[in-house]
Amino acid sequence: MWHFRVTLLMVLFYDSSYSCRSAEYEINGECCPMCSPGTRVYKHCTEYTSTTCVPCTKESFIDQPNGLSICFPCTVCDPDRLGLKTDRKCTASSDAVCGPLDQYYCTGTDNKGCKFAEKHKICSPGQFIIHKGTTSTNTKCGDCPDKTFSNESSSTSCKHHTDCQSLGLEEMTAGTNTLDSECGTRPSYGLIVAVLLSVLLLLSLSCIILILRRRKQNMETRRIERERTSMIEKAQDEDNGAHELIDENRRHPPELDTIKCIKILTLTVPLP
C-alpha cells in the first residue's frame, strides 16, 4: 500500500513538472515554443500555429528564452543622482551595465554591476592621501605628522617645515600643519635706535625750515605793506600840493599879473 502511494506521487510530480519541455512555456493548456533572447511573444501558439515573436523595442531587453509579451526596460545609469556612467550599452538581449564616474566609487552592487556611487573623499590641507580611491573603495586620508605640512587639497604627501637655522636665519613664524615656517632676520636694537634718531632729526629740521620760511614770509609781507603805505602817503602829499597850486592860480591868474606888470612898466618908464 505504501509503495503504491509513493509511485502515485512520483507519477503526479513527473506529469506536472515535465508537461512542457525546457524550451517551451505553458499557456492555455498548450506548450508553446519560447521566444529567443532579444525577442518577446507577439502571439501565443495555438493547436495549429507556433508562437509569433517580435524584437524588443529600443531601451528594452530580454536576456533569456522566454514566453513574455513585454520586454524589460533598460537600466539607466544616472550620473547626476546616482554618480554612474554606462560601461556597457543596453541591447535587445542584454541590459546596460553601470559603473562609477571618474573620482567616484561604487557603494551598492548587484549581479548586473554598480547601482549607486559616491564621490571620493577629498583630503583637506593639513592631510595627505594614505590610500587613493578606486572604483570600489573610498580615498583614505591621514593627518600630517609633526613638523610637516600640506597647503593643498588631496596632497599625496606632507612637506617638512623649512629649517630656518640651517639657512642662517631666524624663525619669524612657526609652521603649522597647513603652512610652512617663515624665516627672516630680526633687526638689532642699535639699528632701531639709529632709525628713530634719524626720523626725529628729520622732523626737527623740517620744523626749523618751516619756521624760518614763515618768518621770512612775514618779514616780506611787512616790507611790502610799509612800501605800499609810503607810496600812498607820497601820493596824498602830491595830490595836496596840486590842489594848493590850483587854488593859488584861481586867486591870481598868471595872465593878469603879467598885464599888471606891463602897465606898471609903462607908467614908470617915460615915453620919449
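Count begins at 1; order follows the chain as displayed.
Glycine residues also receive a Cβ, built from the backbone N, Cα and C atoms like all the rest.
Note that the coordinates shown come from a computational prediction; the quantities given were computed from them, not determined experimentally.
The recorded disulfide partner of C45, taken from TrEMBL and restricted to C20, C31, C32, is C32.
Here TrEMBL annotates a disulfide bond for C56; of C53, C71, the partner residue is C71. According to TrEMBL, C35 forms a disulfide bond with C53, chosen from C20, C31, C53. Reported as a whole number, the C-alpha separation between C53 (disulfide bond) and C71 (disulfide bond) equals 12 Å. With helix defined as DSSP H, G or I and strand as E or B, the repeat 'TNFR-Cys' (19-53) counts 0 helix, 16 strand, 19 coil. Every protein chain shown contributes to the tally, and the Cβ of C32 (disulfide bond) ends up with 21 other Cβ atoms within 10 Å.
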